[in-house]
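Only one structure is covered here, and it is reproduced in the block below.
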Amino acid sequence: MLVAPPLVGAVTSGPTWRHALLGVTWLVGYLAYDATALWLKARRRRRWWPPVRAYGVAALALGTALLVTTPGLITWGAVYVPLLSASLALSAARRDRSLANDAVTVVAAGLVGVVAYGLGVDAEPATWLPGASSAEAWLPAGVLTAYFLGTVLYVKTMIRERGNRAVLAGSVAYHAALPVAAAAAGPTLAAVVDVPLLVALLVLLAARAVVVPLRAPGATPLQLGLGEIAATVALTALLLVG
């Protein structure tokens with residue numbers, strides 16, 4: 001989730017050295033966010049402060065360097081500040097594992113693909129939000145965001161909400177809707193991905209959302225993680241090949 005969106009955005013728009021800086025800033029920024037979230041919900045906050053300080057300082061330095069080299073990115077703050085604030089508020093309320101917080105973090109990750117696209121050599125002239133004026137940026141970001149939202153539901157049916165029939169039904173319904181939506185949007189998506197292959201992959205993921213929770217409810221986190229890596233790599237490859 002952290003790597004695929006900026007990677008796809010960078011490759012599809014033409015990689016530049018600024019993508020490397022964006023990638024490092026994004027990853028370190030995530031570590032700062034994660035450390036802050038843990039600090040906010042901790043009862044003994046002093047113990048968790050050193051990582052917040054270390055990652056926070058590193059993220060600030062990298063973010064400053066990124067903005068100095070690409071000042072136009074500062075307008076994305078109008079998008080990310082509300083997302084970050086909402087997620088940290090949920091963490092402070094110890095709702096960091098809630099579906100709402102997961103959705104916020106997935107959307108934030110997906111949008112990095114649009115940000116990355118705006119830095120490319122083939123990107124359209126910068127608008128108020130660099131990258132946001134191009135369908136070629138939004139379509140892959142939308143596909144990845146939809147996929148990762150499904151991943152959130154699927155993983156919940158296997159771990160925190162295992163045995164919860166309502167969550168399983170929601171996950172199955174969502175995954176079943178994805179290939180239908182992709183097929184319906186085929187004429188539009190064809191500009192960025194091989195639609196038949198995308199639909200085929202989404203059908204497989206929909207089948208997994210049904211079979212694994214029912215047939216293999218004891219799958220370990222490692223097994224689930226490896227499966228997610230494989231699915232993410234497959235989807236990312238489809239989007240990169242186009």
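Positions of Cβ are set from backbone N, Cα and C atoms, glycine also.
Unlike curated records, TrEMBL annotations are generated automatically.
The annotation transmembrane segment is assigned in TrEMBL to 20-40 (among others).
Long-range contacts of the transmembrane segment (52-68) within the same chain: residues 18, 21-22, 24-25, 28-29, 31-32, 35-36, 39, 74, each at least 6 residues beyond the stretch ends and with a Cβ under 8 Å from a Cβ of the stretch. Annotation comment: TrEMBL describes 52-68 (among others) as transmembrane segment.
Under the heading transmembrane segment, TrEMBL lists 74-92 (among others).
The transmembrane segment annotation in TrEMBL covers 99-117 (among others).
The transmembrane segment annotation in TrEMBL covers 137-155 (among others).
Here the transmembrane segment (167-185) has long-range neighbours at 143, 146-147, 149-150, 153-154, 156-157, 161, 195, 198-199, 202-203, 205-206, 208-210, 213, meaning same-chain residues at least 6 beyond its ends whose C-beta is under 8 angstroms from one of its own. Residues or ranges marked as transmembrane segment in TrEMBL: 167-185 (among others).
Positions annotated as transmembrane segment by TrEMBL: 191-210 (among others). Residues of the same chain lying 6 or more positions beyond the ends of the transmembrane segment (191-210) and with a Cβ under 8 Å from any Cβ of it are 12, 135-136, 139-140, 143, 147, 150, 153-154, 157, 171-172, 174-176, 178-179, 182-183, 227, 231, 234-235, 238-239, 241-242.
Within its own chain, the transmembrane segment (222-241) has Cβ neighbours under 8 Å at 1, 4, 7-8, 11-12, 140, 143-144, 147, 151, 155, 158-159, 192-194, 197-198, 201, 205, 208, counting only residues six or more beyond its boundaries. Under the heading transmembrane segment, TrEMBL lists 222-241 (among others).
If one looks beyond the transmembrane segment (74-92) by at least 6 residues along the same chain, the residues whose Cβ comes under 8 Å of a Cβ in the stretch are 33, 36-38, 40-41, 67, 98, 100-101, 104-105, 107-108, 111, 115, 128-130.
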